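Colleague: Below, the features straight out of TrEMBL:
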- 27-34, 144-147, V173, 181-184: ATP binding site (BINDING)
- H34: active site, proton donor (ACT_SITE)
- Q58: beta-alanine binding site (BINDING)
- Q58, Q150: (R)-pantoate binding site (BINDING)
Amino acid sequence: MIILKTIAELRQYRRGLTGLVGLVPTMGYLHEGHLSLVRASVAECAQTVVSIFVNPTQFGPGEDFKSYPRDTERDLALLAAAGTDAVFLPEAGEMYPPGTDTVVVPGEIAGKLEGAARPGHFQGVATVVLKLFNLVQPDYAYFGQKDAQQVAVIQKMVADLNIPVGVTVMPTVRESDGLAMSSRNTYLNPAERQAALILYRSLQLAADLIAGGEADTGVIKGRMTDLIETVPSAAIDYVSLADADSLTELAVVARPVLISLAARIGKTRLIDNIILK
Ligand SMILES: Nc1ncnc2c1ncn2[C@@H]1O[C@H](COP(=O)(O)OP(=O)(O)OP(=O)(O)O)[C@@H](O)[C@H]1O
Ligand SMILES: CC(C)(CO)[C@@H](O)C(=O)[O-]
Ligand code: BAL
């Protein structure tokens, strides 16, 4: 496995590649969710490039950019074992040299949900993802359904800007008790880790209500909110039932529906979602 730290090294490496190239963009501190993306790329592509870059421009003031967990040595061992061919590990100054001021401004889809809660977040994501696409020039790029709106924003950017990259979306990988894997789970103390289970349970409650014939999204959101609020350490940011393609909020359940939420458990902000097709 080759480790590439500079854009010059990456470009030289890319010029030597033949066959399908897969890219897995990450912010590191890897878990099985990330590794499921890597394995999908390794299975489908001749070469798999993984980027590890905690992108400062997608964090708002007061967010956890500085404390975001990092363990590059462990990440590299996991990536090598998963069959990664190359890891791109740039410094922030390599990605954003002084004077860099061109950005991708995503459209309407980026203003809702996570975009409303984290202003500027998706501009930062779209910009860095386009830069990674331009640098690695992958045939396919792999993203997790856990970040459902991120997927929607990237798919829209790829379509609107005619970017020749196939976007592959992989299912959310969960712990055995249902908690969606996330690098941020490491912030949870044991009591919060237990409390965090309420998030997936509330999504399952919504799915059960819909399966039982409930179509009023106000009723469903109310039941989800009541359930989450039984946990004292939980504070809801949003609960949403939206059209899975446009992310427009639904009054009446229609398929496919994206049921998504963001909540703080103690100080840790977590997101989760399910899609009912
Ligand atoms: N549990 C998961 N299942 C599948 N894919 C995941 C999972 N968690 C993250 N991913 C995907 O891995 C890629 C990199 O995500 P990222 O490095 O932000 O990981 P993360 O663990 O979600 O971190 P955090 O949510 O704390 O920022 C994204 O495409 C993301 O959707
Ligand atoms: C796609 C990404 C690597 C861009 O920084 C990040 O948003 C993430 O890890 O999901
Ligand atoms: N997984 C999305 C990256 C972030 O929370 O900034």
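First residue shown is number 1, and so on along the chain.
In case you wondered, yes, glycine gets a Cβ from its N, Cα and C as well.
How buried are these features, and what lies next to them?
Modeller: Taking the Cβ of Q145 (ATP binding site) as reference, residues of its chain lying under 8 Å away and at least six apart in sequence are, in sequence order, V151, V169, M170, P171, T172, N273, I275.
For H34 (active site, proton donor), the Cβ neighbour count at a 10 Å cut-off comes to 27, with all displayed protein chains included. In this structure, H34 (active site, proton donor) is part of a helix by DSSP.
DSSP gives Q58 (beta-alanine binding site) a helix state.
Look at Q150 ((R)-pantoate binding site): DSSP puts it in a helix.
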Colleague: With the Cβ atom as the reference point and anything under 6 Å counting, tell me which of the recorded positions (G33, H34, Q58, Q145, V173, S183) are near ligand 3.
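Modeller: Correct list: Q58.
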Colleague: Can you figure out which of H34, Q58, Q150 (the recorded positions) comes closest in space to S183 (ATP binding site), comparing Cα atoms?
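Modeller: Nearest listed residue in space: H34.
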Colleague: Can you list which of the recorded positions M27, L30, H34, Q58, S183 have their Cβ under 6 Å from some atom of ligand 1?
Modeller: M27, H34, S183
